[in-house]
Amino acid sequence: MNTCAFLLILAVQIHADSVEGPTAGCTFDEDSDPSLCEFSQGEEDDFDWQLFRAHASPHSTSDLLRGSYMMVNSSQHAAGQRAQLLLQTLSENDTHCVQFSYFLYSRDGHSPGALRVYVRVNGGPLGIPVWNVSGSRGRQWHQVELAVSTFWPNEYQILLEATVDRKGYIAVDDILLLNYPCYKAPHFSRLGDVEVNAGQNATFQCVAAGRPSEAEKFLLERHNGEVSSGGSVKHLGRNRFAVSFQLEDVQKPEQDLYRCVTQSSRGSGVSNFAELIVKVPPSPIAPPQLLRAGSTYLIIQLNTNSILGDGPIIRREIEYRASLAPWSEILGVNMVTYKLWHLDPDTEYHISVLLTRPGEGGTGPPGPPLISRTKCAEPMRALRGLRASEIQSRQLTLQWEVPAFNLTRCHTYSVSLCYRYTTAGGGGGHNTTVRECLAVEHNTSRFTLRDLPPFHTIQIRLALANTEGKKEGKEVMFQTEEDIPGGIAPESLTFTPLEDMIFLKWEEPVEPNGLITQYEISYQSIESSDPGINVPGPRRTVSKLKNETYHMFSNLHPGTTYLISVRARTAKGFGQTALTEITTNISAPTFDYGDMPSPLSETENTITVLLRPAQGRGAPVSTYQVVVEEEAGRKVKRELGIQDCFPIPTSHGEAQARGAPHYYTAELPPSSLSEATPFTVGDNHTYNGYWNSPLDPRKNYLVYFQAMSNFRGETRINCIRIARKAACKDHQRALEVTQRSEEMGLILGVCAGGLVVLILLLGAIIIIIKKGRDYYSYSYYPRKPGNMNKTPITYRQEKSNMMGSMERSFTDQSTLQEDERMALSFMDTHTCSTRSDPRSSMNESSSLLGGSPRRQCGRKGSPYHTGQLHPAVRVADLLQHINQMKTAEGYGFKQEYESFFDGWDINKKKDKTKGRHDTLMGYDRHRVKLHPLLGDPNSDYINANYIDGYHRSNHFIATQGPKQETVYDFWRMVWQENCFSIVMITKLVEVGRVKCCKYWPDESEMYGDIKITLLKTETLAEYTVRTFALERRGYSAKHEVCQFHFTSWPEHGVPYHATGLLAFIRRVKTSTPLDAGPVVVHCSVGAGRTGCYIVLDVMLDMAECEGVVDIYNCVKTLCSRRINMIQTEEQYIFIHDAILEACLCGETAIPVNEFALAYKEMLRVDSQSNSSQLREEFQTLNSVTPHLDVEECSIALLPRNREKNRSMDVLPPDRALAFLVTTEGESNNYINAALMDSFHRPAAFIVTPHPLPGTTSDFWRLVFDYGCTSVVMLNQLNQSNSAWPCVQYWPEPGLQQYGPMQVEFLSMSADEDIITRLFRVKNVTRLQEGQLVVCQFQFLRWSAYRDVPDSKKAFLNLLASVQKWQRECGEGRTVVHCLNGGGRSGTYCASNILMEMIQYQNIVDVFYAVKTLRNAKPNMVETLEQYRFCYELVLEYLDCLEVR
């Protein structure tokens, strides 16, 4: 056969007879149809296959078989050369088999080469040989089957390749395509694509029909020719098995086409190519975005629009961790935003987003992290453990607990050590309080305070602050040790020098530095004008007792200067010395006369005496005088001694002219009397200008010798009578008669004058007593005995009051407006006096309203009644008066209020830019005038007016709330008027409008030249107290000012009840010092609320001191000072109701240190009334508790809400309702729950009945919506006295959904008193709101049929446990429930309020605590037993504190 080309694979032929056999093939015979057999030689090989026909070949040998076939003679080619034979491309639809025969033969038995079969699919690479054979197989044909499982539309092509090795022959023949399965080679079922995520294992499972031989090889071939072996075989049946190939940890580059291949000597099975699809798990390209950060949360946006990797995304998760933490947490997210809860404050977090696609391992790597930090949170509490490790006289070394992060809750924090001490003012001045705050180094718990005063009580407080808040600890007192005292102030040394004595007085050292034990005084003479004194003299020392701050020096020398030193001593030693020089006075000269000397001689006109020289004392004698005195009418006091001397020089002629009884008869120099010398009196000579006239023989004479010393302007005289000359008898008798006449006239004149004075004095006393009785004896209303201390009014006080009234009566009434005249009359009537007036004190225990014990009531002035249309009202008649005014048809509150506006006008409107309202400008006469600023004469204006208080003129300043441009003026006024208290009765913003600008700093700020520093803030439920320190440039003094900010006045109208406002007024009164300046009161415009406050303050004092109230005339008076002080009729009525409440309730607060005795007295049963004070107080509470009308509970009474109420008798008022926020289908927002205030926080409690089966979902909505972190359960489940059963409303254990709320049980602990359960609550409809951790406290010690708990200690344990949890979780609200949400819940809330009262204000006020709760819901604390339990619980609590 010479045919060059044959059809190897024939077209498919369909036989009509359906006889099984080859559908196509190549037998290479001569008679075969060449059009049906087609093959081609390879182009990438070394030589071609040859068609061999044995009968026609010239090279035929005995080694070759007979017949026609394709052959390779390896002896003609070099080893390694290849020849390829390509068969026709096939595309089959059904199972088929390719069969061919081959032989390999070499005469020497060696391998002629190898025969390999390849199956190429869709023109792709050859891949590996699916079948191959080598070696000499004998001189015979062998049959092979190929089971190729590649079907249309795919196509495949078979390639036969012969590789030469040694001499021999390789031949193929009878290549047939059979339309039935192969018998020897297994057929693979269709191999499906495999999709995996990168990094996962991929498994190809090749299912085949047939029976594999033991020598069968199973391969997984990659499209590029790589081969994997080691497949596991599993027999599925008799003629069916599966081979599994696992590719481990596949990655994206391994994505390719793969097929299964079986190999044996009998043939090969080849599957179709299946694709291994490797998907890369997705990962975000960008980090998440931070939307908002808080102290314990971060709100982020996932930001997953752009990703790396493959989708689809079926799950999104957040992975977060603290930057330095080894842990991380992953949370599932189903929204584009998410709120991370319960984070640590001031902590940096790494937050990444994880995306997941379908399949195992579909979660991609975390995306780029968002690195964000939470904000700081307010410190958990103040630092504790403050103690002194070392105490010295001038320094303290202090230690305290280390400020750990769980306390600071911020890495950036500051520890301030604030201390204060009081030093006594020098010179009798006021005490000065030194305050200073020092910053402590970071991360230290030790500090040394230096430069402290010795032996002083130092009060120290630690303050822990960060950017979000500040926590101050309690003050701890330390006392420094003693030191040597400071010096006695030289200016405090006062002395009185005498001739031989000095009286010295001094003050205690300004800095005693301890307890003074003694004073030491030293003195020494250092100079003297007496030449006979030796100076300096010896130094002498005297010790004085600690309480002796004076000394009398005696036995000193006259005219001598002494150096005196004084110093104090403490246990530490002597202090500095105070020095002074004091000179004693010179003394009069002394004479050396024994008895009166006898005259040397005597004539009718002369007498001769012996003059002896005098001795100077402290100064020498400067001159001598001889003095003659007529004896007529003069009695001799003593025969010899010092007489009244004669310092005024008088000559004889001058004495005659003036009628003087004595004259100088001679003046002698000291030099003339160096020794005793005779001298004749009356010798008619002149001595130094003085005529020694002869003596009159008719008169008696006394002769005196006088010596005089002069030194530095100081003169001392001494004289002595040295002689007496008698007159003639006749002249003496005449003189005596004249003298007696003169004496009798003098006596009669004195008696007459004394009688006149006595008559006038008695008349004045009678008039004053009569007027005093008329003025004070009249009392229009009876007084309750014992209400006031009756202080007697002295004559001086009466006279002062009378004169004041007289002076006012002469005031020019024409200059006053009608309202002002009325106001003056009102103030006169109620004895309004100035601050400096003397006032009587009030006995606190007997006061009518329990006001401040420091209130001075003065006299009991009569009410304003005489001829008046609006008289004062007795307190006892006030309730009846108010009821009449509210129900009156002709004349009531409306008409009375409108009468205030008759004839009002404003004549002066100035400085409108500084006024908040044009029509509310203050009257200029009572306007506060500021000290003008330099260069600005108009800067004296501020919209503020003085208002009189009760018994205190200008006690208040009513002003508008400061605007931005008037803040400096406001603080100028506070400084100028020395104000201590500022009362603010407005919020900064109300109804969307700015009512008052924030005129105070958060820390410290300058307003002009005034520096305001916030010292501390105390926040209560209804008001806030801020304490400021004021300093002004150019002034050394510091002022302390307290702002009392009432925050509970509603934006519209007046408060529903006056309880909180009355407590607020009492707090301001007790906190304001008596010597402070006016109380500044402001709201927004300085009227309305301001007027209400002032009227209440004045009327409370009047009611207490006089037993009456004069509201109408008080309001009229206020309006004369500042216009429109009461703006609405509603405010006017509120004042009456508030005064009534104050009078009915009184003051019920008890200091902690007096509580035990007070409560014992309250329990004492009065023998007459057979009732105790405690019972009467509870009855009063019931009488003032408001009763709810149907209109006040309109929402609870709606038909759709009736089924949500456990009892229709216990409904919450509309004003206190806690409306639900979370929606649930068609359910409304009502739940039977009321908001209640605690002592420190408004709406801190939510009181509700035990949930009904149909309101459990509402209960959990309430807990979540209001951020309630605690639930207090005071009843037990399934109580038999309940109208409906008390069901369990929580899951235990596990997780349960109540409407939109999912509640997950976390843990439980229990003891004999309390079961504590922890839950996690979240809203599944709004997962972005995060989750809430709630702790439930189920109290077990309250029996079903008892009004009070079984154990007070157990109840205190409950209160402490809840309080501790609330501190740890950030002060969320507390839900309190019992069976009906009344008595038990009220007892718990009242007890909580009382504990806070004791902790922060050291007072107990059970009445106030319960009344505050009842103002919101009347059934709080229902029984007397529960009310008494509150008292006894306080007693138990105080006992526990003492034990600690």
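Placement of Cβ uses the backbone N, Cα and C atoms for every residue, glycine included.
What Swiss-Prot says about this protein:
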- 186-271: domain 'Ig-like C2-type' (DOMAIN)
- 749-769: transmembrane segment (TRANSMEM)
- 770-1444: topological domain 'Cytoplasmic' (TOPO_DOM)
- 886-1142: domain 'Tyrosine-protein phosphatase 1' (DOMAIN)
- Glu1051, Cys1083, Ser1084, Val1085, Gly1086, Ala1087, Gly1088, Arg1089, Gln1127: substrate binding site (BINDING)
- Cys1083: active site, phosphocysteine intermediate (ACT_SITE)
- Cys1378: active site, phosphocysteine intermediate (ACT_SITE)
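Overlay of Swiss-Prot feature records on the structure.
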residue: Glu1051; record: substrate binding site; contacts (Cβ under 8 Å, 6+ apart): Lys987, Glu990, Val991
residue: Cys1083; record: active site, phosphocysteine intermediate; contacts (Cβ under 8 Å, 6+ apart): Gln960, Gly961, Met984, Ile985, Thr986, Lys995, Cys996, Arg1089, Thr1090
residue: Gly1088; record: substrate binding site; contacts (Cβ under 8 Å, 6+ apart): Asn1124, Met1125, Ile1126, Gln1127, Thr1128, Gln1131
residue: Cys1378; record: active site, phosphocysteine intermediate; contacts (Cβ under 8 Å, 6+ apart): Pro1249, His1250, Met1273, Leu1274, Asn1275, Arg1384, Ser1385
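Minimal Cβ crowding within 10 Å, among the binding-site residues Ser1084, Gln1127, is found at Gln1127. Around the Cβ of Gly1086 (substrate binding site), 28 further Cβ atoms fall within 10 Å across all displayed protein chains. Counted with DSSP, the domain 'Ig-like C2-type' (186-271) comes out as 3 helix, 50 strand, 33 coil. With Glu1051, Cys1083, Ser1084, Val1085, Gly1086, Ala1087, Gly1088, Arg1089, Gln1127 listed as the residues that bind substrate, the site has a largest C-alpha separation of 16 Å. Secondary structure from DSSP puts Cys1378 (active site, phosphocysteine intermediate) in a beta strand.
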